[in-house]
């Protein structure tokens, strides 16, 4: 703060100094000079040194002689900036900027080139500065530049000899830069190479080679533009447009005062921002340490968990390996047992398959037999039915045949009679007259009589006895008819007997085959005698079959029981055979099952008890596992509190007591802090009063002094030495703050209008420029001063112990006050820190109480978990023992139950096992069944036949052999009957014609009557014939129908009988009995065998599956064993490798004291995925956090290798080390970054409060700014006037004088008026803490000048420009030219020579101004070299050149001119340059002249 105010004082008091004359010489100090220019390996100059004249050096020569190249070398050595160098007369026209070589590439030759300036400064030091140039290969024609300087070289050493090495008398080699360095250092001189142009120019400024320190590229640009303007002559628009930047010096005092004020405010605000940034950094560091801890600790705990998990996995793999081996052994034993059992089942299955196939074939045969039997029964029924129908039909046919024959006979007789009648009628009709008819009738009667005689064999037959004979024959016919009827009856009876006999005979033959008719009765009698027995046997067949089935079932059960017994003995490894042994063993097994069940129940109860205990312990373990992370977090928080507080807490009450003590301690520290704050404020007020630039303790005095046009007395005595300060302080007494004015009377008039002024205002009349203490009559005493105020008033003032009169006294007292303030501030900071620390500690304790107090003092959950886990493991071992015992008991119990099941199956079948006669009974029953089935088959085949035979069997006793004789008698009787009837008919005809015998006399009269009778008889007989014909036809049809039915029945009978015989033959060939239960028995047998086969197959399939499963399990077990072994070995290798890495991690963490940070036990309860997620999230945050820190970034990148977890620990150590290095040990008294972050937070909070208060004190008023700007502008206006006085005598051609015109811009004048006027309109800008003063003044400028477009510039940039007084001024150059008077200096209004002269004058003013500006920052014994250029001097006439020479002599300035050959100045040194070409070699021949005199 003191430095800022002192700088401001310097600024404000420069106005009181007289501005020096621009062309005044520096008395006592010689100006530095350029001695020579050396060009090495330039185009035309292999090694040439041009000695420079102290005034003017002229380069004379024709076009292309090398004048511009020489000047280019000089400029390049002076300003080696490729961005600025631009030699226009050699630049390729129309070339693009990318390929343009700026005219330098073509001036060089291939290889190493040099351009060096040999100078001697005001200290008589020889300095060689230069640049090494080298063409860069490529189409862009680039040039590489390296700057260097050489000091300590003797004056006798030629610069050319430094840069070359002489090979022989005519040859030399250019040295490289390294060779040059070695050569210079070997000679004892100092060689230095520069890596930046700024360093190069800084050296040149410090040693007095250039007039201004070129700090930036803009400074170099100004210098180059000045050189360029000098080189090409004329008025440079680039310079005249920005003449303020060249001529008006930066008011370093004012600017520095504003900058210091701004920088102080900015620094203060930046400090506040930095505090915020630091707080953000603190948050970042906190974030960094938190994320680093999360990143590394999560990986650390994950690796620890994985290591523990890997070890457990290795043990599990080994256990799995051993377990798989034991399972393989058991599997192999089981495989052998099951293979043996599978072989037995396979053999048994083959037997069962054969039996089942036999049963299936038997079932098929039975089914076929049953189907055949059904067909036989059906056919037997059909045949029996057909036989009956056939017999009936035969009788019907015979009856129909007899009717047919009788009808035929009647029809034939009627037909014969009709024929007779027709013949008679024909005969009668032939005789148309009666005689003829009578004669005919008579003749016919005679014929009939003759016929009757013939037929009857009666010779004596006559008309008279014809009746007798007729009656006799009728009686005979009746006798024959009776006989025929009798015979017919006998025939019927005989025919029936014959039919029954035949039928019975056929039935017997059907049963027993062909037998003689005589033996039929015996066969029938034997069949009928055995028929009831066979029928009874057939009826007993189902019972016998059921009995046989039952016996076979018992046999099967006996066989099953035998197999079951054998199986039982095999399984039980016993040899029990008798029922007593089995029952005894049964009792033993029952007792064993009861004992094992009771023992198993006890084990189950105990196991349940242990499981309940295990569940309780598991619940307790899980509860503590859930509680453990929070408890560990609480313990970590408790440890942090104990570390922060230095106390040990045994219970929660101790924590509460400590919090209460902290509150009391905080109140004490707060009271001390407030007292120190009060002391600091008092010291700040004193320092603020003493820090006023003019020594006034009241700012109103400055306003009044400016208003009255006076100067503060303290300002006039500001330079009083400190030893005189007590005297002058006592001399003026209360008037030490008086205002010195030129005229008291003028001031008196203004006193009445004063509103704001101190209570006591002292005014002293005098000249502020020549004021002394003669105005007072005083006498100095030992301890004070007596002042005669008036004739009647004396004032005695003691010498003050702490004088404040004068800047030196104030500064001394300020130093004391500031030291005291710093001490108070340090104590205040310490107390504030303590208060903050107490508050933070109390806050931490409050957080701990709210979050962790309930858990922190409970038992360690991990210890409880360890005890619980131990108990749980013991219970697990006991449970495993119980499970093993229970498994053994269950196996024994299952075996016993299985034996009991087998015994339960065996015991009911004990009687079967003891039944030895079962097989014999089955054989006996089977024989009876065979007989019964044979009888049943016989009855089934012939039962119907026998039942038909039984009622007619007696007919077989007598064979009806007389049937043929009776039939012959019957036929004979029929024949006799027919003959007798013929005779009767013949006699009847005679009897009927008896009357015709009388026609002998009356034939004529009776012919017609006879004819009618014959006709009626004929008609009657015809009708009878037709009736008989119809009856015959019907009888024939009926007979044919009956005969057809008979034929059909006979055909059906024959086919069905044949089929029946075939079926009986086939069923006989099948060889099975087709009884009612045969199918059921076959099916039951088949189903039983199928069930046994299915059971056997299921058992075999199950066993084969078990074998396949065991084989696959064996393969799986083999793979499992290999895998378990491989996994175990891999896991063991992994554990071994992880152990090595883990040992490295532990060693690093323990040696670096970070194990406690990394071993966060609460993370051990998170899963690997959660820890990996936590680590990955932290890694992502860390990548952002360390992005700007290369070391940490590389460490973090290395730590990402998961194969090397130790790199993460190294990264954590690097973070800790990095944060430790960032700890300021002067502020923070700790090495722990986490504690440092806490202390930093407290310290930053305190600094924020302090700096916020300081910002309010640093603010400067707008009125003060306006006053400072006005004073500075007034001073610079005076300096410009002094410059104009030095330019009045400069004349070039018609230009008689040159001057500078400076004016204040209207817009800026309005700004100054606003700053010093009413502040109510813009006070909001300067009271806004968010804006700097520069931004506030920029905003005010924009308000006052809204029409001005500020473009894209920020308010800060505009404000900084407004704090530079040069921006308030407009500066122009005017020339007085002939009759035109004062004109603005422009190239178009002046001739070439006038423009060059005017421009050169302006440049001289600029150089002089620069030297004056830099005088304060350059050594006092250094006056810089002063040299300008002028190319193409032919544009100046001889008078102008002489004027330039005179100007150079007056200003002690060197000038380098390039002129054509026709110009030869009389003064200075002239070099004639001639470019010569000899063969392929080109060089410039140089001849040096001083004036027109001798050649050097």
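Glycine residues also receive a Cβ, built from the backbone N, Cα and C atoms like all the rest.
The model shown is predicted, which means the values in this text are computed figures rather than measured ones.
Swiss-Prot lists 61, 62, 63, 64, 65, 66, 67, 68 with the feature ATP binding site. According to its DSSP assignment, residue 62 (ATP binding site) is coil. For residue 62 (ATP binding site), the count of additional Cβ atoms within 10 Å of its Cβ stands at 14 [all protein chains shown].
Annotated coiled coil per Swiss-Prot: 332-496 (among others), in sequence order.
The coiled coil annotation in Swiss-Prot covers 537-608 (among others) and is backed by sequence analysis.
Per Swiss-Prot, coiled coil is recorded for 665-692 (among others), and the stated evidence type is sequence analysis. Per-residue pLDDT, averaged over the coiled coil (665-692), rounds to 82.
The region 'Flexible hinge' annotation in Swiss-Prot covers 693-810 and rests on sequence analysis.
Positions annotated as coiled coil by Swiss-Prot: 806-832 (among others).
As annotated by Swiss-Prot, coiled coil applies to 862-1066 (among others).
Annotation comment: Swiss-Prot describes 1101-1139 (among others) as coiled coil. Beyond the ends of the coiled coil (1101-1139), by six or more residues, the same chain brings 303, 306-307, 310-311, 313-314, 317-318, 320-321, 324-325, 327-328, 331-332, 334-335, 338-339, 341-342, 345 to within a C-beta distance below 8 angstroms of the stretch.
The annotation coiled coil is assigned in Swiss-Prot to 1235-1290 (among others) on the grounds of sequence analysis.
The local packing around residue 68 (ATP binding site), expressed as other Cβ atoms within 10 Å of its Cβ over all shown chains, amounts to 21. Secondary structure of the region 'Flexible hinge' (693-810), assigned with DSSP and counted as helix (H, G, I), strand (E, B) and coil, comes to 45 helix, 25 strand, 48 coil.
Within its own chain, residue 65 (ATP binding site) has 1473, 1474, 1475, 1484 as residues 6 or more apart in sequence whose C-beta sits under 8 angstroms from its own. When other Cβ atoms within 10 Å of the Cβ of residue 67 (ATP binding site) are tallied across all protein chains shown, the result is 25. Other Cβ atoms within 10 Å of the Cβ of residue 66 (ATP binding site), summed over all protein chains shown, number 28. Here the binding-site residues are 61, 64; the one with the fewest Cβ atoms within 10 Å of its Cβ is 64.
The Cβ neighbour count for residue 63 (ATP binding site), using a 10 Å radius and every protein chain shown, is 9.
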